[in-house]
C-alpha cells in the first residue's frame, strides 16, 4: 500500500523509536467523553481531495488529527479533517489508555503495533501467535496481543499484531470498526467553469449573518466541516468584504442541511434567457421496447464555480457569545439557491451529452435537471448505448448511483410511472385534514391539477369554491359537502385509472372537448391506440366570457400544448355548431387563428345567443328602467304603444331593479320580435356579451328563457338622463308618486293656496323686537310628521324685507311638542309683530338618506365634456405629444391618460413600446406604517457612488442626494438639507453605521424628528424605501443615455418618480405630498380662526336623537358646518341638522 513500509531489519535506532512513540501535546489529547464522527481524507494534490466521512451505519465515531494535516482537529469537532498527502495522515488514539501517534492507512488490511509502542503500553496482555507479514527486506516476525482502542468515546476491543516496524498502522480492520469511510471529493477538474459576471454598477452582497441557536450552530459547523473536507468550500480570504447569511434545517432523517440566502446576490448577477421552459411529458414520448431511467447524484457539487466569482458567495459561521472570531468560507462549486446554478448545470450536461445525441439520433434521450431517460428498440443496442452514456458522464466527474439506476419496469420519472406499453401518473390518495386551511386546499388543488393530465375527468370546481374570500394561508376554510363529494369522486377515478399511451408519429391526433355539469371544460388527446394525455380548464364565467369564447380560447391553449409536446396540432371535436363559431368570430378580435374543427352539437345553455341581433327589429320597442326610492326598489317599463307598468321590489340594489325591469318587459310581451332599450350599461353588457354559463339557479336564467321563446331580440343601451324621450318616460314611470299628508292641531297654523307649498305660522300676540335682539315666539301648533319626512320652519319674503331673520330649524318625525320660532331682528329699526300676522312658514319635505361618495377629480371620460352624441377621436391628435412626454420622462400610463385625455389602453401601449419601462417589475410586498410627514431613508450604490434617498411614506415622494462618503458627517449635512426643504416629523432607517452614529442621532433629536431603526432588508420595516430604491435606479438608467453625469440623471429621475408616475388615487406623488401639506396648513388656520369665531349652533349627530350645544362653529360652508364634538372631535354636520344662533350670553 501507499503507506505500509515494513522492514525485516532487526535494528531500530533510538531516534526512530522516539519518533514513532512520541506523544501529542496535552492540549490536543482526545476527549474520550465526547462522541463524534471519524473522517479520513486523502488528497490527490493540494486542491483536489479525497475524504473518509463517518459511516452511515455508525453515528458515533472518532476524530483524527494528523501530524502534517493542513487543518488539525479541535475539541468539539464532529467530522474529520482534510489531509494533504505530501505528509503522513496521522492522529492520536488511546491504546490500552496510552496516547499514541498512529498512521491511518486505508490500504493496509491489518493493523500493526510497533514494538516501541507495545513496550510503552500502560498494561499489556498475553502474547499469541501472530501471522507473518512481508516487508521490504522479507518476512517479519509478529505476535498478536489483545488491546482496547479508544477515540472520542468509541471503545473497541480487538487484537493487533506487534512487529518491529517504523510506525504503528491502523488498517482497514480497525478503521471500519471506528466508522471510517473513504469518499472521493466530487468537484471535477475535467469540467471547465463558466464565466459569471455582475451587472454593471452593482456590488456583491454585504448582509451580516444573523444569530443561530446553539443546536443549529452545531449543525452548521458539522455540515461546513464535511463540505470543507470534500473540497466543496474553502476558507475565505482576509480581504473578502462580501457575505450572505446562512441558516440550517433538520431533515426527516435527522441530518442537518445548510442553506444560504443568496437573494441579494441573485439580484446583482447578469442572467441570460431561461433554457428549460417546462417539464417533458410522457404523452410526447415515442413508444419503445426498452427504457432506462438514471439519476445524477450531487450534480451541483460536481461543477466548479468561476474562481473570480467565488468571493461573492462568502458566508460566516458565528459563535455563541462571540467566544471566538467568526469563520468565513466561500463556495468552490455551484451553491444551492444561486440563480445561475440550474442554467450552468443543465448547459454543462447538455454539452457533455451532445456527442451521444449526434452519434445515436434514433435514441430518445431526455434530460431534465438530474433525471435522464433513455429509450430505444433492441436490448443489446440499449445496453451498449447505456454503457456509453455512463462513460460519457463518469469521465467528466459525474456520479450515477446504482441505487437510482432503473433498468426494470415500472420506471419512476418526473412524477410519472412508465412501462414499455403505457404510462400513468404515480398514484396518490387525495386526502383532506379535518379543519383545512387555505394552504391545505391549495396543495390539494395543485395535486389534482397535476394528476389531471394522466387521469381524465378530475374536477376542482367545488373544492376551489371553498377558498373564496380567503386571503391568509393559515385561514380556516369551510369544507362543504359538495367539496367532499367531489374529492371522493376524484379518488374513485384515480383508483380506476387506466394506463395512457405513447405517441405514434405515423398517425393523426384527435382532441375531444366536453363540458362537465360544473362548467369545467375537459379534453383528451387521442390516437388509435388510446388516450395520450388529458387536461381540464375552469371556464371563466366571472370575467363575462361566453361558453363559446371559453372553449375557443381553450382550443388555442390545447393546440399550443400539443405543438410543444409532439410538434403537431390535433383535429378538434367540439360540442358546438359552426354557426356559433362564426358568430363568435365576428366579435372575437382576440382569436389569433382557428384550428381544424369537427362540429358535433350545440353547447349547453348557449343557443339563446343566436337570437340576439345587431340591428333593430320591426317589432315593439320597450324602454326599461329601474331604481330605488326611499330604500325600495322599483322596476318599470314603457312600450312604444303607450303601455306603462311599475312594480315595487322591496329592498334590492339598483342593478337588480334594472334587471327585473328587463325581465318584466320580456315576460309581458307576446311579440316574437322585440326591441329592448335600457340605460343600464351593466345589464346591456351582461346580456350581449357576458352570459353563457348560467343554470336554472342563476338570477339571469328567466331572461335567458324568455329570449329563447322569441324569434329575434335587439338590445340597445342609451345613457340615462340625456333627454331621450323614451328613456325619460321610463324614468318617470319608475318613480313613486304619492301625496304627503300632515296631521296638525292649533290655531296659529293656516293652510295656503293649492299652488303654494306648506303652511303659514301666525303670531300668537303682539310682539316688539328691538334691533339685534332675538326672541323665541311660541305657538300652539303641534304636528305629526309623516314617515320618511321632516318639517322645515323658515321665513317669509315679506318679513325678510323688514330684516326679520327666522331661525326655526328642522322638525323630525319623533317631535310632538309645540312649535317655537326663533326670530332675530337684523334690520336697522325695531319690528312690531301683530297678533294673527303671518310671519313664518312650515314646509314638509321627504327625507333621503342616500350615502355620499367622494368627488373623483381624476375621472376621465373618453367622450369629453360635450355630453351625449359628442363621441369622437379627438384624442388621436394627442398621441404624439404623449409619446414625446414618455420618451423624455418615462411617465406612467395613468398619468399620460389623465394629462393628454387619451384612453388608458393607448397609454399602456405607449409604455410597453419603451425598452426601459418594459423591464420594470413589482417590488417586494410588505406591511409598513404610512402617514404624512413620516419618511424612510436608505443609502444605495450606483456607478461606485453613494445615493442617500428619503421617501415620504404617505405619498411616495422621493428626495435624493449624492454623498461623497457614507459617514456620519456627510449624512448629517444631507439630513439638514432635507429638513430645510420639508417638515418631517419622523424618520425610519436601517441599522447602518452612518444612521446610528451619535452625531446623526443627536442631530435628529435637535430637529425634533423621531428616529426609529429596523432590520435591514426586512419588508415590514424597509418596504417603502426598498421599492423606491429599485424604482429610482431604473429611472436613472433610463436617463443615462441622454446625460453626461450621474448627478444629472439623478435629478431627471427624481422628476420622473415624483411627477411622472401615479401614486394614491391616480395622483402623482408630488400632488399627493403638496395636497397633504396644504391640508395641514389649512387645519392650522382653521383652528386659529375658530378661536375668534362668533358663530354658535345647536347640532344633532346622525343616528342620535338629542340636540347638542350650543357650541362654537369652527367653519361654515354651503352645506355643512364644522364643530368640535366632545366625544368625536372635529366633525362636519349637515346644515339640515344644525340651528345657528348668536353667541349666547
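Numbering starts at 1 and runs along the chain as displayed.
In case you wondered, yes, glycine gets a Cβ from its N, Cα and C as well.
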Swiss-Prot annotation (zinc finger) - matching range among 793-834, 835-876, 877-918, 919-960: 877-918
Of 1046-1094, 1095-1143, the range Swiss-Prot labels DNA-binding region: 1095-1143
For the DNA-binding region (1095-1143), the number of residues DSSP places in helix, strand and coil: 3 helix, 31 strand, 15 coil
Overall pLDDT of the DNA-binding region (1095-1143), taken as the mean: 79
C-beta crowding around residue 105 (active site), within 10 angstroms: 23
